Ligand SMILES: NC(=O)C1=CN([C@@H]2O[C@H](COP(=O)(O)OP(=O)(O)OC[C@H]3O[C@@H](n4cnc5c(N)ncnc54)[C@H](O)[C@@H]3O)[C@@H](O)[C@H]2O)C=CC1
Ligand SMILES: O=C(O)CCC(=O)C(=O)O
């Protein structure tokens, strides 16, 4: 199938061009609906979706486009479905780079590096050539941090700050674990941090988190009142959650990943509430936590005016330091392996 172009409605106001790659895959199947109904950019913001997948998936993608049309979503102006990066990336405002091979049971995410590095090399170059220089990029395909670094390096004309990777799913998982432990709704848990790699070395950190209980802000450590759990099962549950979902579903997380992508981009565009932060994989250059420069590392960030700033000044004890360094070491190793694969 050649590029499929569907104009659904002509809407007043300037439409945002949003590209989703891996558009025929399982994450995209949940993600596209949420984006096109206004969960990310607002209920009144017209959207043009550009959908990229590989040529053999074009027939499947045709069905996805039919379904988007059949949803009769008022802000979805146009859909372009294509296997051509130039068409998918031209003049886009936002890129959600989901398309990549997922891991199967028994694999680590870094085992995907060889298969997926070339995808992000090619897409980085195409973003550099065709996307707006203001494009905001979130990389989801695994290993997400290193793929984001590859895309960033291959797109030197786009500011480094415009590249990020998804660790919001890990943050949401951590938040839910703490909410369950304290018997509060997830909305009562704030400022959980994910440090480092979206991998089993990530460090989910509740030391600075807050739990609102009976109308009062409590430190999560007090609300949970179980240090052994916070330093043990809590961390390993979050680190291994992706693998647990694969073991149960025989497929990787998709609904929760799509929700997390929406949370990530919505906060990037619309900002974080006062006094709250979220976690995003961003370039480590100039950070105050002693994380080596030149990595896409997940930090606590505040978002405002479409820009992120790392939250400085959180105390780091010896336990946290060790975990933060371990995940940085893994990222440095992944980076070296990836750049060897793509010959850079
Ligand atoms: N960072 C995170 O928190 C998470 C990351 N993931 C990762 O997201 C990726 C996608 O997962 P699923 O949607 O479940 O996989 P899927 O296999 O259902 O879909 C992937 C889609 O990407 C397409 N694709 C492959 N190469 C492409 C290319 N060069 N350009 C455009 N599209 C291409 C495939 O044809 C397929 O349609 C995987 O790498 C998975 O590990 C999944 C969940 C969470
Ligand atoms: O775990 C995986 O490899 C796929 C999905 C994922 O990244 C996750 O569920 O966190």
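Cβ atoms are placed via backbone N, Cα and C, with glycine included.
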Binding-site annotation, TrEMBL, NAD(+): partner of 53, 140, 141, 142 in 116, 172: 116
Least Cβ-crowded entry, counting other Cβ within 10 Å, from the recorded positions listed as 103, 173, 198: 103
Top Cα neighbour of residue 103 (substrate binding site) in the set of recorded positions 53, 116, 142, 198: 142
Distance from residue 198 (active site, proton acceptor) back to residue 53 (NAD(+) binding site), taken between C-alpha atoms, in Å: 23
Three-state secondary structure, which DSSP defines for residue 141 (NAD(+) binding site): coil
Candidates near ligand 2 among the binding-site residues 53, 116, 140, 141, 142, 173, judged by a Cβ under 6 angstroms: 142
